[in-house]
Amino acid sequence: MDYFPMIFSLLFVAFQGAPEAAVLGAELSTGPDSRGEKPAPSAPWRPRRSKRCSCSSLMDKECVYFCHLDIIWVNTPEHIVPYGLGSPSRSKRSLKDLFITKATDHRKRCQCASQKDKKCWTFCQAGKELREQDSMEKGWNGHKKGKDCSELGEKSKQQQLVAGRKIRRLDAISNSIKTAFRVAKLKAELYRENKVTHNRTH
(Lines of atoms letter the chains of each structure in order from A and count residues from 1; the text may use other names and numbers.)
(Lines give C-alpha, C1' and ligand atoms only; values in the text may rest on other atoms or scores of the structure.)
Protein backbone atom coordinates (compact mmCIF):
# COMPACT_ATOMS: atom_id res chain seq x y z
CA MET A 1 0.00 0.00 0.00
CA ASP A 2 1.16 3.43 -0.90
CA TYR A 3 0.46 5.76 2.07
CA PHE A 4 3.13 8.31 1.19
CA PRO A 5 0.89 10.76 -0.82
CA MET A 6 -1.82 10.66 1.84
CA ILE A 7 0.66 11.29 4.71
CA PHE A 8 2.36 14.06 2.74
CA SER A 9 -0.95 15.85 2.08
CA LEU A 10 -1.98 15.50 5.75
CA LEU A 11 1.34 16.94 6.92
CA PHE A 12 1.03 19.79 4.44
CA VAL A 13 -2.47 20.67 5.71
CA ALA A 14 -1.35 20.32 9.33
CA PHE A 15 1.63 22.64 8.89
CA GLN A 16 -0.45 25.27 7.10
CA GLY A 17 -2.91 25.34 9.99
CA ALA A 18 -0.13 25.16 12.60
CA PRO A 19 0.03 28.87 13.57
CA GLU A 20 -3.72 29.04 14.17
CA ALA A 21 -3.65 25.74 16.04
CA ALA A 22 -0.78 26.98 18.21
CA VAL A 23 -2.70 30.13 19.08
CA LEU A 24 -5.84 28.12 19.87
CA GLY A 25 -3.80 25.72 21.96
CA ALA A 26 -2.25 28.61 23.90
CA GLU A 27 -5.69 30.12 24.55
CA LEU A 28 -7.06 26.76 25.70
CA SER A 29 -4.09 26.14 28.00
CA THR A 30 -4.47 29.55 29.67
CA GLY A 31 -8.04 29.00 30.81
CA PRO A 32 -9.44 30.25 34.12
CA ASP A 33 -8.39 27.05 35.90
CA SER A 34 -4.72 27.22 34.84
CA ARG A 35 -2.84 28.95 37.70
CA GLY A 36 -5.07 32.09 37.68
CA GLU A 37 -3.36 33.68 34.66
CA LYS A 38 -5.28 36.11 32.48
CA PRO A 39 -5.92 35.15 28.84
CA ALA A 40 -4.04 37.06 26.16
CA PRO A 41 -6.04 39.94 24.62
CA SER A 42 -7.37 39.16 21.16
CA ALA A 43 -7.21 42.76 19.87
CA PRO A 44 -3.78 44.05 18.77
CA TRP A 45 -2.12 46.45 21.20
CA ARG A 46 -2.01 50.06 20.04
CA PRO A 47 0.26 52.57 21.78
CA ARG A 48 -1.62 55.37 23.50
CA ARG A 49 -0.88 58.85 22.26
CA SER A 50 0.85 60.88 24.94
CA LYS A 51 -1.27 63.89 25.74
CA ARG A 52 -0.14 66.32 28.42
CA CYS A 53 -3.45 68.18 28.60
CA SER A 54 -6.62 68.84 26.62
CA CYS A 55 -7.20 72.28 25.11
CA SER A 56 -10.52 74.06 25.37
CA SER A 57 -10.15 75.09 21.72
CA LEU A 58 -8.17 73.46 18.90
CA MET A 59 -7.89 76.90 17.28
CA ASP A 60 -5.40 77.84 20.02
CA LYS A 61 -2.28 76.59 18.19
CA GLU A 62 0.09 77.30 21.09
CA CYS A 63 -2.05 75.23 23.45
CA VAL A 64 -2.33 72.33 20.97
CA TYR A 65 1.43 72.43 20.45
CA PHE A 66 2.02 72.37 24.22
CA CYS A 67 -0.54 69.68 25.06
CA HIS A 68 -0.04 67.13 22.28
CA LEU A 69 3.53 65.98 22.77
CA ASP A 70 3.98 63.58 19.86
CA ILE A 71 2.46 65.68 17.08
CA ILE A 72 4.81 66.43 14.22
CA TRP A 73 4.44 70.09 13.26
CA VAL A 74 5.11 70.80 9.60
CA ASN A 75 5.65 74.26 8.16
CA THR A 76 3.62 74.77 5.00
CA PRO A 77 3.52 78.04 3.01
CA GLU A 78 0.10 78.96 4.39
CA HIS A 79 0.23 77.87 8.03
CA ILE A 80 1.62 75.31 10.45
CA VAL A 81 -0.18 71.98 10.09
CA PRO A 82 -0.32 69.46 12.94
CA TYR A 83 -0.09 65.82 11.91
CA GLY A 84 -1.24 63.13 14.30
CA LEU A 85 -4.47 64.65 15.59
CA GLY A 86 -6.64 62.15 13.75
CA SER A 87 -8.36 59.29 15.59
CA PRO A 88 -6.52 59.14 18.93
CA SER A 89 -7.43 56.22 21.17
CA ARG A 90 -9.92 57.41 23.76
CA SER A 91 -10.58 55.96 27.16
CA LYS A 92 -14.19 55.66 28.29
CA ARG A 93 -15.49 58.49 30.43
CA SER A 94 -17.91 58.18 33.28
CA LEU A 95 -20.75 60.62 33.93
CA LYS A 96 -19.03 61.71 37.13
CA ASP A 97 -16.00 62.93 35.16
CA LEU A 98 -18.29 64.75 32.73
CA PHE A 99 -20.00 66.70 35.51
CA ILE A 100 -16.67 67.54 37.14
CA THR A 101 -15.31 68.97 33.89
CA LYS A 102 -18.47 71.00 33.34
CA ALA A 103 -18.29 72.34 36.87
CA THR A 104 -14.73 73.57 36.38
CA ASP A 105 -14.09 77.01 34.99
CA HIS A 106 -14.91 76.97 31.26
CA ARG A 107 -12.64 79.94 30.63
CA LYS A 108 -9.55 77.83 31.31
CA ARG A 109 -7.19 77.50 28.40
CA CYS A 110 -6.66 73.78 28.94
CA GLN A 111 -7.07 70.98 31.46
CA CYS A 112 -4.02 69.01 32.59
CA ALA A 113 -3.95 65.22 32.53
CA SER A 114 -1.78 65.02 35.65
CA GLN A 115 -2.30 67.21 38.70
CA LYS A 116 1.40 66.90 39.57
CA ASP A 117 2.52 68.57 36.31
CA LYS A 118 3.30 72.10 37.53
CA LYS A 119 4.40 73.44 34.13
CA CYS A 120 1.09 72.41 32.63
CA TRP A 121 -0.89 74.06 35.43
CA THR A 122 1.05 77.32 35.10
CA PHE A 123 0.59 77.27 31.31
CA CYS A 124 -3.18 76.76 31.58
CA GLN A 125 -3.58 79.34 34.37
CA ALA A 126 -1.39 81.88 32.55
CA GLY A 127 -3.66 81.67 29.52
CA LYS A 128 -6.72 82.26 31.69
CA GLU A 129 -5.13 85.25 33.45
CA LEU A 130 -4.04 86.81 30.15
CA ARG A 131 -7.58 86.56 28.75
CA GLU A 132 -9.02 88.09 31.92
CA GLN A 133 -6.47 90.91 31.77
CA ASP A 134 -7.31 91.60 28.10
CA SER A 135 -11.03 91.75 28.84
CA MET A 136 -10.43 94.07 31.81
CA GLU A 137 -8.28 96.40 29.66
CA LYS A 138 -10.93 96.46 26.92
CA GLY A 139 -13.60 97.29 29.46
CA TRP A 140 -11.46 100.06 30.97
CA ASN A 141 -10.69 101.57 27.55
CA GLY A 142 -14.38 101.50 26.65
CA HIS A 143 -15.23 103.17 29.95
CA LYS A 144 -12.66 105.93 29.31
CA LYS A 145 -14.01 106.50 25.79
CA GLY A 146 -17.55 106.75 27.15
CA LYS A 147 -16.39 109.31 29.70
CA ASP A 148 -14.71 111.42 27.01
CA CYS A 149 -17.84 111.29 24.84
CA SER A 150 -20.11 112.38 27.66
CA GLU A 151 -17.85 115.36 28.39
CA LEU A 152 -17.25 116.51 24.80
CA GLY A 153 -20.64 115.67 23.24
CA GLU A 154 -20.90 116.18 19.45
CA LYS A 155 -17.13 116.60 18.94
CA SER A 156 -16.49 113.20 20.44
CA LYS A 157 -19.05 111.50 18.18
CA GLN A 158 -17.48 113.15 15.16
CA GLN A 159 -14.01 112.02 16.26
CA GLN A 160 -15.29 108.47 16.63
CA LEU A 161 -16.76 108.56 13.11
CA VAL A 162 -13.46 109.83 11.67
CA ALA A 163 -11.52 107.17 13.59
CA GLY A 164 -13.92 104.49 12.30
CA ARG A 165 -13.41 105.69 8.71
CA LYS A 166 -9.63 105.62 9.16
CA ILE A 167 -9.78 102.08 10.51
CA ARG A 168 -12.00 100.94 7.62
CA ARG A 169 -9.64 102.58 5.12
CA LEU A 170 -6.62 100.89 6.70
CA ASP A 171 -8.44 97.55 6.64
CA ALA A 172 -9.27 98.01 2.95
CA ILE A 173 -5.63 98.85 2.16
CA SER A 174 -4.33 95.83 4.08
CA ASN A 175 -6.87 93.57 2.34
CA SER A 176 -5.82 94.84 -1.09
CA ILE A 177 -2.16 94.27 -0.21
CA LYS A 178 -2.95 90.72 0.94
CA THR A 179 -4.86 89.95 -2.27
CA ALA A 180 -2.00 91.36 -4.36
CA PHE A 181 0.44 89.08 -2.55
CA ARG A 182 -1.86 86.08 -3.04
CA VAL A 183 -2.17 86.79 -6.77
CA ALA A 184 1.61 87.14 -7.08
CA LYS A 185 2.09 83.88 -5.20
CA LEU A 186 -0.39 82.04 -7.45
CA LYS A 187 1.31 83.43 -10.56
CA ALA A 188 4.70 82.29 -9.25
CA GLU A 189 3.33 78.78 -8.59
CA LEU A 190 1.83 78.60 -12.09
CA TYR A 191 5.13 79.75 -13.58
CA ARG A 192 7.00 77.09 -11.58
CA GLU A 193 4.57 74.34 -12.67
CA ASN A 194 4.84 75.37 -16.33
CA LYS A 195 8.62 75.41 -16.05
CA VAL A 196 8.70 71.93 -14.48
CA THR A 197 6.41 70.42 -17.14
CA HIS A 198 8.45 72.12 -19.86
CA ASN A 199 11.66 70.60 -18.49
CA ARG A 200 10.11 67.13 -18.34
CA THR A 201 8.98 67.18 -21.95
CA HIS A 202 12.46 67.95 -23.31
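Cβ from N, Cα, C; glycine included.
Note that the structure is a prediction, hence the values are computed from the model and not measured.
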C53: disulphide-bonded cysteine as recorded in Swiss-Prot, out of C63, C67, C124: C67
Region 'Endothelin-like' range according to Swiss-Prot, out of 5-19, 110-124, 170-184: 110-124
Model confidence over the region 'Endothelin-like' (110-124) (mean pLDDT, whole number): 86
C53 (disulfide bond) and C63 (disulfide bond), Cα-Cα, nearest whole angstrom: 9
Structural state census, the region 'Endothelin-like' (110-124) (DSSP three-state): 7 helix, 3 strand, 5 coil
